[in-house]
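Enquirer: Per Swiss-Prot, transmembrane segment is recorded for 22-42, 45-65, 91-111, 114-134, 139-159, 161-181, 212-232, 236-256, 267-287.
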Amino acid sequence: MNFFCKEKRQAYVELMRINKPIGTLLLLWPTLWALWIAAQGFPDLGVLIVFSAGVFLMRSAGCVINDFADRNIDGFVERTKHRPLPSGRATSTEAIILFFILAIVSFLLVLTQNSLTIQLSFAGLLLAFAYPFMKRFTQLPQLVLGLAFSWSIPMAFAAQANALPAVVWIIFAVNIIWTIAYDTLYAMVDREDDLKIGVKSTAILFASNDKIIIALLQLTSLILLSLLGWLEDLNWIYFIALLVVGGLFLRQQLQIKNREKTACFKAFLDNNYVGFVIFAGLFLGYL
């Protein structure tokens with residue numbers, strides 16, 4: 001079959017999740033947080049463009065390698081059985097080629113940045129590649145995802161400021177904790193299928209304590225975000241934004257009250273608003 005026919009192009013779009021931008025947005029927001037803090041509200045346009053493009057490319061690469069890693073189990077999960085690899089619309093070889101194309105283009109973008117950013121990028125690529133395989137070996141794959149989704153933070157800060165002060169690691173910690181919380185919501189959707197096929201997740205690990213642990217993670221992220229605002233001497237608008245974030249977290253808790261799959265997925269999607277509100281608070285907080 002022609003590698004570039006309409007059916008194949010659609011399969012590649014789905015492999016890269018271009019049709020589902022939520023993951024790109026969840027990766028973009030903390031990257032923008034880091035850029036705005038590193039630049040005190042006025043990031044370099046070139047760095048902003050490079051990292052915005054890099055977020056799209058590396059999230060796409062992560063999705064492709066995730067589907068490659070899960071190609072033999074996705075067919076047994078209701079939500080994923082129609083993905084390109086289990087449905088036969090794309091091959092494993094095509095997925096690997098697509099992954100390397102995306103990774104290479106991402107690295108070419110990184111090469112336009114300073115040496116510290118380039119050095120950090122190697123760990124980022126390793127995390128992106130490793131995460132999909134972790135759900136077979138650890139009950140905390142969401143922690144590895146948190147590391148992978150947070151690595152753009154020190155990279156973006158390094159690109160803008162050519163330094164990694166302590167505040168970077170506060171943002172880093174916030175995002176890891178937030179990622180574990182929202183990806184546990186995502187994992188709650190697949191919990192029954194994952195138990196059947198032996199895939200591990202925090203949704204399974206937390207079991208009946210899932211809601212309270214998610215709430216504690218969300219509360220911890222808010223406390224650290226408040227500390228960040230105090231250290232950066234941000235104005236009152238930022239702290240109003242955090243109150244809104246607290247309201248969004250409360251709404252998510254109400255949504256997942258009965259652990260209904262559709263509601264859990266909706267709560268996961270709502271985290272896009274969390275990321276946006278924090279960014280808006282930072283944007284206005286530096287004015």
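Note that Cβ sites are derived from N, Cα and C of the backbone, with glycine treated the same way.
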Enquirer: Is the count of Cβ pairs under 8 Å between the transmembrane segment (236-256) and the transmembrane segment (161-181), pairs 6 or more apart in sequence, 3 or more?
Expert: no
Enquirer: Who are the chain neighbours of the transmembrane segment (212-232) in space, where the CB to CB distance is under 8 Å and they lie at least 6 residues beyond its ends?
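Expert: Distant contacts of the transmembrane segment (212-232): 37, 167, 170-171, 173-174, 177-178, 180-181, 184-185, 202, 206, 238-239, 242, 245-246, 249, 252-253, 256, 278, 281, 285.
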Enquirer: Are there residues at least 6 beyond the ends of the transmembrane segment (161-181) whose Cβ is under 8 Å from a Cβ of it, and what are they?
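Expert: Sequence-distant neighbours of the transmembrane segment (161-181): 26, 30, 33-34, 37-39, 114, 116, 142-143, 145-147, 149-150, 153-154, 202, 214, 217-218, 220-221, 224-225, 227-228, 231-232, 271, 274.
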Enquirer: Going along the chain, which residues at least six beyond the ends of the transmembrane segment (267-287) come within the CB cut-off of under 8 Å?
Expert: 22, 25-26, 28-30, 32-33, 36-37, 40-42, 178, 182-183, 185-186, 189, 225, 229, 232, 234-235, 237-242, 244-245, 248-249, 251-252, 255-256
Enquirer: Go through the chain and flag residues at least 6 beyond the ends of the transmembrane segment (139-159) whose CB is under 8 A from any CB in it; none is fine as an answer.
Expert: 26-27, 30-31, 33-35, 37-38, 47, 50-51, 54-55, 58, 62, 110, 113-114, 116-117, 120-121, 123-124, 127-128, 130-131, 168-169, 171-172, 175-180, 183-184, 187, 200-202, 204-205
